[in-house]
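Before any comments, here is the structure.
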Amino acid sequence: MPELPEVETVRRGLAPVLEGARIARAQVNRPDLRWPFPPRMAERLTGARVDRLRRRSKYILADLDTGETLIVHLGMSGRMIVSGGGAGRDMLAQFHHLHPAPEKHDHVILDTDAGARVTFNDARRFGAMDLCPTEAVEEHWLLKGIGPEPLGNAFDEPYLVAAFHGRRTPVKAALLDQRIVAGLGNIYVCEALFRAGISPLRQAGRIAAPRVAALVPIIRDVLTEAISAGGSSLRDYRQADGELGYFQHTFRVYGREDEPCQTPGCTGKIRRKVQAGRSSFYCPDCQR
DNA sequence: CTTGGGTCCTGTGCGC
DNA sequence: TGCGCACAGGACCCAA
């Protein structure tokens, strides 16, 4: 899926066209994605003004002036594509209010009063949408229990050391656990562990505290760099304007099985090992 | 409580 | 060209 950097990139692309705009029309083409849509979703969205677009973990949150918040998760293959209207759009498209032809898996289409369109397309349908009272968003069952934002103040060295303490699970699984830290996925965990020189197989509770502490700024750096690059585009991911991210060119281990390790002086080869059903990419020589 | 495996879906790329 | 299989950025759920 889009991980935190991709979701943040999408949020930033949507904000200029959605914030302050009113949803003039909501087209919902099927009753569900991963879970059923909330009752009367189209009606509850129609006429609502989007006051603010936020992100929590891998969720995009659209606060509406109706007192409800639209919760969106992109799953593995979800995209939100902007077309027509708004600043920075193609002039011809803007003039004619043209929208691209409907595509397979366009599940939800939102048209704003300014003539912009946001299309949610999700081939695998692991994505989700729900509506919930804005003041109760943090208590929503999907968001409740999610750990601190890795780019926020609550995610610091003492926190991660404490969170890892006594954990026998591999550090790879611990970092993927959204209750420990929010928003990391397979790619950025692999990349952060490589930079930290920590093997994904190592038990979280058996990493020396200074090495755990070092992970904190490394995780922040990886995510920040990825956001700057517009995220990583592999298969399905696109920015809201349809452009590709380019952080994937910066991967040091992800998807690089059998390639030589890039660490200066290291003669190791990147390995791939499946942990809990997910591929971990790492250098056995410089990750311990 | 923790943890591994199965599961929900479709699409793509590869070996044969 | 076609077929079957492995694999893909997530994360819930349940059995052990």
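Positions of Cβ are set from backbone N, Cα and C atoms, glycine also.
TrEMBL labels come from automatic prediction, so no person has curated them.
As recorded in TrEMBL:
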type     : residues                     : note
ACT_SITE : A:Pro2                       : active site, schiff-base intermediate with DNA
ACT_SITE : A:Glu3                       : active site, proton donor
ACT_SITE : A:Lys58                      : active site, proton donor
ACT_SITE : A:Arg278                     : active site, proton donor
BINDING  : A:His105, A:Arg124, A:Arg167 : DNA binding site
DOMAIN   : A:2-127                      : domain 'Formamidopyrimidine-DNA glycosylase catalytic'
DOMAIN   : A:252-288                    : domain 'FPG-type'
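All features noted in TrEMBL, drawn onto the structure.
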residue  : record                                         : DSSP class
A:Pro2   : active site, schiff-base intermediate with DNA : coil
A:Lys58  : active site, proton donor                      : coil
A:His105 : DNA binding site                               : coil
A:Arg124 : DNA binding site                               : coil
A:Arg167 : DNA binding site                               : coil
A:Arg278 : active site, proton donor                      : strand
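Cβ neighbour density within 10 Å is lowest for A:Arg124 among the binding-site residues A:Arg124, A:Arg167. Taking a C-beta cut-off of under 8 Å and a sequence gap of six or more, A:Pro2 (active site, schiff-base intermediate with DNA) has these contacts in its own chain: A:Val10, A:Lys58, A:Leu74, A:Gly78, A:Gly231, A:Tyr237. Across the fold, the C-alpha of A:Glu3 (active site, proton donor) and the C-alpha of A:Arg167 (DNA binding site) stand 24 Å from each other. Pairwise Cα distances among A:His105, A:Arg124, A:Arg167, the recorded DNA-binding residues, top out at 41 Å. Distance between Cα atoms for A:Arg124 (DNA binding site) and A:Arg278 (active site, proton donor): 18 Å, as a whole number. In this structure the alpha carbons, written CA, of A:His105 (DNA binding site) and A:Arg278 (active site, proton donor) are 26 Å apart.
DSSP assignment over the domain 'FPG-type' (A:252-288) gives 0 helix, 12 strand, 25 coil.
Neighbour counts of Cβ atoms within 10 Å were compared across the recorded positions A:Glu3, A:His105; the minimum falls on A:His105. Counting other C-beta atoms within 10 Å of each candidate's C-beta, the active-site residues A:Lys58, A:Arg278 are led by A:Lys58.
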